[in-house]
Amino acid sequence: MNLILMGLPGAGKGTQAEKIIEKYGIPHISTGDMFRAAMKNETELGLKAKSYMDAGELVPDEVTIGIVRDRLSQDDCQNGFLLDGFPRTVAQAEALEDILASLDKKLDYVINIDVPEQLLMDRLTGRRVSPTSGRTYHVIFNPPKVEGICDVDGSELIQRDDDKPETVKKRLEVNQKQAQPLIDFYSEKGYLQNINGDQDISRVFEDINELLKGLSS
């Protein structure tokens, strides 16, 4: 099964990716992991990517696409893969189609974990951190025993700037603007499958599993 996993920050994409790869035994291929492996192995494309990143520049599409092509050509992708973080643009999505065609593969589904914006805001702005112990809490999902106080050292919990509502809202808007053309592209192609992410983790995975079980032999 050849899959792409999509979802805005806070949608629970990482959790579901772990469950999918554990159940179906396909590699979880994230953009970051691909870049790190290519740079560590000092491949030609990896060294090119490193030169751009060291200069603080965006890695050009042709380098990224080449790294993706190399990764999807590896033996562990013979029975499928779960792509995460690629493609990010319609141009990359079109390049991925060419890559898969050259490898005699085809995409099965693009799974989009869909969560209402307000719930994403609640999830992402609820994190609190102890400035001394570094321990992390969540006001809804993992609250401290005493509100606003670290269980470990009694310090007053803080909200990081990255977790403040105005920052989170802007990040979600940027991500949604980037994701929408891809969602439209894959919807028109018939690959897109929206999964309701506004439910328990186990229930989200049940819905994904229901979709995928027809693909597994």
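Each residue, glycine too, has its Cβ placed from N, Cα and C.
Checked against Swiss-Prot, the range among 30-59, 180-209 recorded as region 'NMP' is 30-59.
Our reading of the AMP binding annotation (Thr31, Arg36, Glu57, Leu58, Val59, Gly85, Phe86, Pro87, Arg88, Gln92, Arg160, Arg171) yields a largest Cα to Cα distance of 33 angstrom. Of the binding-site residues Arg88, Arg127, Arg127 has the largest number of other Cβ atoms within 10 Å of its own Cβ. Overall, the recorded ATP-binding residues Gly10, Ala11, Gly12, Lys13, Gly14, Thr15, Arg127, Thr136, Tyr137, Gln199 cover a maximum inter-Cα distance of 23 Å.
Non-local contacts of Gly10 (ATP binding site) by the CB criterion (under 8 A, 6+ apart in sequence, same chain) comprise Val115, Leu119, Leu120, Arg123, Leu124, Leu172. Ranking the binding-site residues Gly12, Gly14 by other CB atoms within 10 A of the CB puts Gly14 at the bottom.
Across the fold, the C-alpha of Val59 (AMP binding site) and the C-alpha of Gly12 (ATP binding site) stand 27 Å from each other.
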